[in-house]
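*Asks:* Encoded as C-alpha cells, here's the structure I'll be asking about.
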Amino acid sequence: MTKTLTITVNALTRVEGEGALHVQVNGDTIESVRLAIYEPPRFFEAFLRGRKIEEVPDITARICGICPVAYQMTSVHAIENALGIRISLGVRQLRRLLYCAEWIESHVLHIFMLNAPDFFDCHSGIELAEHFPDQVNMGLRMKKIGNGLLELLGGRAIHPVNVRIGGFYRLPTRDELARQLPDLRWALDAAVKSAHWIAGFDFPEFNIECELVAMKHASEYPMNEGEIASTRFPSIPVDRYEEYFGELQVQHSTALQSVRRDSQTPYFLGPLARLELNHGNLTPQAKKLFQDICPPLPLRNRFHSIIARIIEVVHAFEEAIAIIESYSPPSEPFTEYKSHASRGCAATEAPRGMIYHHYEIDDRGSVVSSKIVPPTSQNQLQIEADLREYLPRFLQESDETIASECEKLIRNYDPCISCSTHFLTLRLERT
C-alpha cells in the first residue's frame, strides 16, 4: 500500500510569515520531508538599505513581536562593532537586564501556553489551565513580570523604543528598578516550583545525534556577547561565522536554509544547545536545578527543550535580581560616536537560538547592505531531519495523530510557526 501524506500549515496566527510542512510516504518509507518557512527578515534586509544607521534598531525590533530585543540588540551590537563604539559597563548590564526580561516573557509564554499542553493532550493553554490552574496562573504572572521589566527598560513591552546605538535614550533610576525586586523575587521562587513540576512530565524518547551550536562566554551564560561554540568544533569569533555557516536557497521555501559550510549538514540551536555548552555559567539556583532535574549529558532529546527553557527562566530571574541589586546608573545614557564607512557583525542569543547580523555602512552613515540570519531558518534543516527520524513510529496511526505528532515535535524548537497552537492540517491519500 502506498500512502502520500501532505501536511500543510494553514492560516497561521500570531506568527511572522507563513509556512507549510509536506511529508511524502511510500509504504513504510518516508520519501521526503520539506518544511517551508517564510520569514520576514528576508524583506527587512531590503527595508534597511539606504536607511540611516540610527533607524536600524527601531526597524529591526519590528521583525518579531515575541523577541524584538534579540533583533534590536544584535543590530546595535553589529553597528557598534563596525564603528568601534565602546559602551560603559553600566549600559552593558542594563542591556543584559533587558535581555533577561525578553527571555522570561518569551520562554514563559512558550512553556505554559504552547508547549506544556502537548504533554497532557490539551489543545491550548486555556484547556491546560482547567487541569493545572495554579501552575498556569503562576506562568501568566511570571510573563507579566517579564513584560513589566521589558517595558521599564525598553519604553514598551512590544517593539521597544529606548535602545539606541551607544546605549539607551533614557536610563532607569535606582528606585524604578528597585520597585521590580519584590515581583522578581516572587517570580524566581515560582519558576523553581514550575521547574520541578515540568521535570515530572512524561517525555517521549527521541535521542537523535546532531551538532549543537550556541554562543559561549568565558564567565557568564551567553545572551548578548561571546564567541560561537559547537559540540563539533572549538569556539570561534563571531566575525568568522560566515566561514563556518552558509545559507542555501531551496525551491520549496522563501527562507534560506542554514548549513555547516564544510559538511553541508544541519545544526541545532536553542536552549538545549545553550545549556549543554554553557551549564557551568548558570546562576546558583539555576545550576542546582540543572543538577537536580536535567537529564544526563549529552542533551539530545528535543522534548527536553522545555526543561532547558525553565532552567533558563530561573537563570534570567536570578540574574535580573543580581543586576538590579548592584545597579549604579551610568554617568551618561549613551556613548557619542561619529559614523564612517565600515562593516561589522554580531551574534546574540534570542530565546529560540542564536541570531546573526552583518552590516555595511557608507561614509554618510547609511546602510549599504545587511544580512540577518534568524534562529528559525537556521534550525529548519534540522527540523526536517528530525521529522524523518520521528515520523516512522506513527505511520500506522490516523491522519489526526500524525498531524498532532508533527506539531508536537516542531513546537520543541519554538519556531515562529509554533505560535499557532494548532497549525497543521493533514491530507492523506491512499492508493
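Here the Cβ of each residue, glycine as well, is placed from N, Cα and C on the backbone.
According to TrEMBL, the protein has these features:
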type: BINDING; residues: Glu45, Ile372, His422; note: Mg(2+) binding site
type: BINDING; residues: Cys64, Cys67, Cys416; note: Ni(2+) binding site
type: BINDING; residues: Cys67, Cys419; note: Fe cation binding site
*Asks:* Radius 10 Å, atoms counted are CB only; among the binding-site residues Cys64, Cys67, Ile372, which position scores highest?
*Replies:* Cys64
*Asks:* Given a separation of at least six residues and a C-beta threshold under 8 Å, show me what packs close to Glu45 (Mg(2+) binding site) in the same chain.
*Replies:* Ser369, Ser370, Lys371, Ile372
*Asks:* If H, G and I count as helix, E and B as strand, and all else as coil, what does DSSP give for Ile372 (Mg(2+) binding site)?
*Replies:* strand
